[in-house]
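Asker: Below is one structure. I have some questions about it.
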């Protein structure tokens, strides 16, 4: 009976137990082989019943660690600088911290990049701020009613190598942070490291005073007057061109200026020649005009007598001209009306032609649409026929699959019953081995 049980039950060990991810581990006993003794089976049973590690708790812990806020770059730099301080300064720093309120600072591991960094501290005393507070304490604590003042970074701190480009601030200005959750005490430590060729920068004090109140209207008016005066001065006294930087550039500019001046001179000479010719022609024409004027003065005296007789004739002609102008106006009005009528008829003709063209185009489009719809109808009929055939084939496959599912369901029920029977046999064998 034991051999039959071993043949029916697989010896493969399960890779993942049921409930391992949810924290509920299913205790499964290992299957004893034909070569194992009853003592080995009874010894392996309590080991199999031990619970597997809870993976969900570890995943949640990792998520919480990733969500936890990290310290800022300034805090990390401050802690790293404190970690490089020598033993005397550390003792002084610890002694000063004992007098103040205790604050838990996060432990920051010393980076490898600064392991071999040379010592570069100034002889002057350096004032450090208190160590950064715990991030979780900052998040959980309530914000104080008053802002908190931090100390500025050290002044006489110098680096060699890639950190030499970063220069410390010349002055330790207090920085006020209104949203700081906890109050941090100031700690003063004295750094006295002998360093060659290092001088502390001079202390600079900046005094900020509020600007005096100004009248906007007077300020705008005075500013406008100053701008007008500057603009007038610039227009009257234009700035000279900047001098060239080198002699070669000066020579090049001189050659260019000479070339442009020669071209302008040629143009001016040509213009002067043309103007001289025009002046000579106009002088000759003026001489001819004076001679003709003398002759016409005589003719004018002769014609003046004739003009008096023709004045009356001119009056008559003016009256006739007025009558002709009236007739001309009437003819122009009739011509304008005729032109408007012809223009309207031409527009109407063009509109009718456009309508006819649109009708023809719509007819062509309707014929093309009819042909397209007929082709689509034929393709749709073909597709519907092929789809019906595919549906019939799928229905046949579905019937076959349903039959297979029914047979598999029956087999599964039989296997479940066999499994239950095997489990009962296994329990009986286990109880027999225990006895």
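From the backbone N, Cα and C atoms, a Cβ is placed for every residue, glycine too.
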Asker: To which of the residue ranges 198-244, 245-291 does TrEMBL assign the term region 'Disordered'?
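Answerer: Matching range for region 'Disordered': 198-244.
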Asker: Which is it, of 110-144, 145-179, that TrEMBL names as region 'Disordered'?
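Answerer: Of 110-144, 145-179, TrEMBL gives region 'Disordered' for 145-179.
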Asker: As a test of reading the model: what is the averaged pLDDT for the coiled coil (272-425)?
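Answerer: Computed over the coiled coil (272-425), the mean pLDDT is 91 on the 0 to 100 scale.
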